[in-house]
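Worksheet for the structure shown next.
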Amino acid sequence: MAADWKQKCDSQWQLGAHGVPMPDSVDWKSVYEKKPFERNLLQNPSPYGINHSVPPPEPHRSEIPPSPDQPPQFEPDGNFSGWKTSTEVLPYDSSGIPPGVVVCQLPQYRWFSLEQHVDLKAEGLWDQLLDKFQPEIVIEDWYEESQLHTSIYQLDVKLLGADAKTVIKQHAYNPEENLENYSHTWKKVSHVFSNYGPGVRYIHFLHRLKNQFMVEFFNTKVTDSSIIIKTSKSSVN
């Protein structure tokens with residue numbers, strides 16, 4: 001019975017108690033099976049195979065130069081299934097080199113981008129919930145303090161309309177790193193979307209990581225990325 005599935009959903013997430021609209025037109029069996037609340041909507045949230053509860057591995061710099069017969073590594077190692085990836089090669093920066101000074105080699109930097117597109121209705125949410133209740137959407141990410149550059153991480157999250165193009169709300173984050181003192185930890189990034197207005201149907205999640213190549217390849221890792229839909233609303237937005 002449809003009413004039974006509706007009751008199961010209400011018991012599971014206390015929807016009525018939180019003021020969530022629960023129209024009979026919703027396929028409550030599908031909602032219950034998809035369990036859209038309090039779970040990570042991103043696929044493969046730790047593509048490098050590590051999580052933030054363990055310190056990031058120390059970079060290993062070889063004392064022996066790589067063999068000229070060995071092709072250089074320009075891409076990070078990992079399992080990036082579920083992510084759309086791309087690489088942007090950045091121009092060499094010679095701004096800090098005095099005139100007349102000959103430099104044998106400069107580091108080459110690249111942005112490595114990972115992005116996902118989340119269809120909220122396909123994940124089990126419904127129109128009245130998204131348009132009237134507007135549940136909080138919690139974004140979390142952890143990036144490695146690689147100290148390869150003053151800018152090693154960028155985050156861009158967009159809430160999109162039904163055409164999957166119109167931007168209803170956006171959160172962008174581009175921190176600047178302090179390289180004066182050595183530190184190598186995971187850095188947490190978080191944001192809560194709330195009161196974002198009606199019409200949201202998709203989320204576009206993108207983060208960019210700075211990689212470096214100079215004789216050897218060094219990268220910035222990321223882990224435990226998440227998008228979570230809440231049924232309760234925090235008192236502070």
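Yeah, the Cβs are placed from backbone N, Cα and C, and that goes for glycine too.
Automatic prediction, not curation, is the source of TrEMBL annotations.
Here is what TrEMBL records for this protein:
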- 1-20: region 'Disordered' (REGION)
- 39-80: region 'Disordered' (REGION)
- 54-231: domain 'FBA' (DOMAIN)
- 65-74: compositional bias 'Pro residues' (COMPBIAS)
Integer mean pLDDT for the domain 'FBA' (54-231): 88
Tally of DSSP helical, extended and coil residues in the region 'Disordered' (1-20): 15 helix, 0 strand, 5 coil
